[in-house]
């Protein structure tokens with residue numbers, strides 16, 4: 001499901017960065033030389049809600065061990081997620097939003113010390129909610145489990161202790177983030193920004209927008225981080241026998257029940273998870289190590305059996321790194337069966353790794369198609385067709401046949417109606433002409449004293465019969 005997530009926020013003016021310490025702007029980055037700091041906050045573009053786009057965006061941020069997956073079933077278990085990103089339709093005046101605001105106002109965390117201890121940034125830059133949602137998940141994770149990269153590590157260190165508003169300005173004025181964000185936008189997003197004016201989100205003021213929020217576990221509590229809210233929201237902890245994802249499922253189920261009260265099902269849920277290729281590669285390494293151990297043990301066992309059959313005394317026990325693979329523990333048949341299972345597992349995981357690499361390649365192909373501007377090609381192609389004089393013929397062949405067919409059918413219907421009318425008129429006219437003729441015959445017969453009921457034809461037949469009798 002691909003939807004554009006603009007998510008408008010208050011417009012940051014050209015001098016908005018003066019409220020932030022200079023060290024937090026990361027102006028020393030090489031990209032800053034080509035992009036003025038004052039214009040960064042005014043040029044963020046809308047992004048689609050696509051897991052491939054978000055995965056490549058994380059790579060551009062410098063975080064290479066993470067990927068984003070779309071969640072289709074809340075009840076399906078997800079392995080080791082860092083957090084969730086929820087995209088929903090944003091309409092401020094709708095009834096469901098008032099219900100959500102009433103329920104979330106009670107769980108706002110207003111303690112300044114608690115707010116400063118986590119990474120919560122208000123969205124002060126329009127159209128930056130996609131990057132905000134990703135950073136809200138990544139910068140609240142344990143650094144021991146996740147390698148953020150230079151850009152995000154520097155941003156996290158420089159914004160430590162800042163207010164949520166200044167953190168939002170720091171995000172908007174970071175050149176690496178702005179360039180990476182805009183590099184994945186469609187050309188239509190740039191044209192919309194130019195039409196509506198810099199720094200203003202077009203869909204916010206038309207009442208139609210999609211907004212991203214993040215759900216992440218922090219210190220045993222489930223937090224909802226929404227850059228358009230004044231405070232972070234604490235949904236509470238979870239039971240000792242539960243995982244934090246169980247708590248998230250309950251919260252999200254309730255949220256979807258409120259949000260879809262008006263039959264609006266346009267939402268999207270994505271999970272930020274570790275790169276699947278890392279786990280598959282680690283598993284393949286372990287399987288290949290076990291394969292080598294089992295294969296070596298099997299070869300030594302077979303060799304020992306051959307020596308025993310040759311009458312050289314007791315076979316020597318093979319030297320193995322594990323006592324579990326001693327000949328006394330496994331027979332040759334057991335080792336062959338185990339080796340076959342390992343070969344199957346290795347083939348399956350190699351296929352999984354190839355599938356993940358193909359997915360990552362497909363992400364890049366889709367990104368190239370998404371961000372490429374086809375306007376020049378289409379205009380040039382149509383101009384060449386018009387110059388060769390074939391454009392009009394192609395248009396008439398592909399666009400006009402339906403109109404011709406409908407016009408011909410209408411004409412046929414009119415012709416049938418006119419023919420039916422003409423036939424009916426002719427029949428009526430014939431009937432009208434025959435009536436006076438019969439009336440004249442009856443009048444002449446009455447004048448001659450003959451019965452009008454007897455026809456002349458019948459009288460002739462009677463006379464002919466009389467002549468024959470004579």
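Using the three backbone atoms N, Cα and C, a Cβ is placed for every residue, glycine included.
Swiss-Prot has this to say about the protein:
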type     : residues : note
ACT_SITE : 129      : active site, nucleophile
DOMAIN   : 43-274   : domain 'UCH catalytic'
REGION   : 305-324  : region 'Disordered'
REGION   : 403-470  : region 'Positively charged C-terminal tail required for binding nucleosomes'
REGION   : 422-470  : region 'Disordered'
SITE     : 123      : site 'Transition state stabilizer'
SITE     : 226      : site 'Important for enzyme activity'
| message | Validating a neighbour-count step here. Other CB atoms within 10 A of the CB of residue 123 (site 'Transition state stabilizer'): how many? | response | 26
| query | Just how many other Cβ atoms lie inside 10 Å of the Cβ on residue 226 (site 'Important for enzyme activity')? | reply | 24
| Where does the mean pLDDT land for the domain 'UCH catalytic' (43-274)? | 82
| Three-state secondary structure of the residue listed as 'active site, nucleophile' from DSSP? | helix
| task | Taking the Cβ of residue 129 (active site, nucleophile) as the centre, count every other Cβ atom within 10 Å, in any protein chain shown. | result | 32
